Amino acid sequence: MVRTNRVVPKEWDKYSPLGTVIPRTRFIIFKTPLNESLNNRIPAGSEFTVSHLLRMMAERNQRLGIVVDLTDTNRYYDKRDIEGMCIEYEKLYCPGRGFIERDDIVESFNRAIQKFIEKNDDKEALIGIHCTRGVNRSGYLVCRFLIDCLGWSSHEAIEAFEKARGHGIGKGTYVTALHKAAKEMRDKPSREVMDSDSGESIDEARKKRKRKRREEGGGNEMGNMIKNFLGQLGQEASQLEELSSMMENSGGTPVMNWERREDERGEEREGDDDDEEGEDEGETSGIGGIVDGYEGPNDESAAQKRRARRKRLEKMFNVMKRGRFHEIQAIRRDMGGE
């Protein structure tokens, strides 16, 4: 048989039975429910049992996934009333005095919450926390979790808790201890802190951000490659326009001195005199000669080379637009081998 208290907790009836969910978390705080025997000792209309708690949650379309009991006794209600509704129950005995010096309790609380979050991906399964009045011990431990495990500042944690609960943390020593804990967390070089939505640690989240930056860096590199390509393409176009303009000004023939190639001199017809050879040199140099590396039709001309290069650049541009890394690397190797 479960033993029960015979005395209603002091000032218990002055506190609202149930708060609201703390934003960006699954925490909901309430004062301890009392068994039927104790509820008979309080004014009518102030009763609050496990049945009252569950009915109030149902009226809000909310449900509990776990209840963490922080009272220093197990006589206020029967935990089987919770477990019988398929709700997990966790008991942490938290004394009223010397509580904030108990780091082991903080660690046990944080560990219990993290374990529940890891096992339950359902964000609708709320985490119910209560001490006797659902204010001081509940407020301290919930705020410690927000600070230690979610990376909140002490001011954010306290404000969020008090707004959701509807009551402020009444003990100044608890508030001071929370600010001190937040400062110690800031001073630590690295923290194993959980993300409130994903359940990941801060270290894991940091690694993800680094990977994302590297991926974005790869995208920037591709963007630079495209810019370089466009610059090269524009340069090629300018050169072709300049050459075309020069040829138009000279009647279709580049205004340059043509040089006779050595390998063509042996192909001249025998019996030509010096004057005819000179005339042939002037007339055929545009066919078999080169100008500053610009070759005639017998060999690939500079314009043809430029057109071929331009086609390769256009091909590279199309490959880069598709964004396929292996194709880009292959194109870069081909370009580098020219």
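The backbone N, Cα and C atoms fix where each Cβ goes, glycine too.
Heads up, TrEMBL stuff is auto-annotated, nobody curated it.
Since this is a predicted model, take the numbers as computed values, not measurements.
Positions annotated as domain 'Tyrosine-protein phosphatase' by TrEMBL: 32-191. What TrEMBL records for 107-165 is domain 'Tyrosine specific protein phosphatases'. Residues or ranges marked as compositional bias 'Basic and acidic residues' by TrEMBL: 183-194, 258-268. Taken from TrEMBL, the feature region 'Disordered' applies to 183-225, 247-310. Among the features that TrEMBL reports, compositional bias 'Acidic residues' is placed at 269-283.
Over the domain 'Tyrosine specific protein phosphatases' (107-165) the predicted model carries a mean pLDDT of 96. Sorting the domain 'Tyrosine specific protein phosphatases' (107-165) by DSSP state (H, G, I as helix; E, B as strand; all else coil) yields 38 helix, 6 strand, 15 coil.
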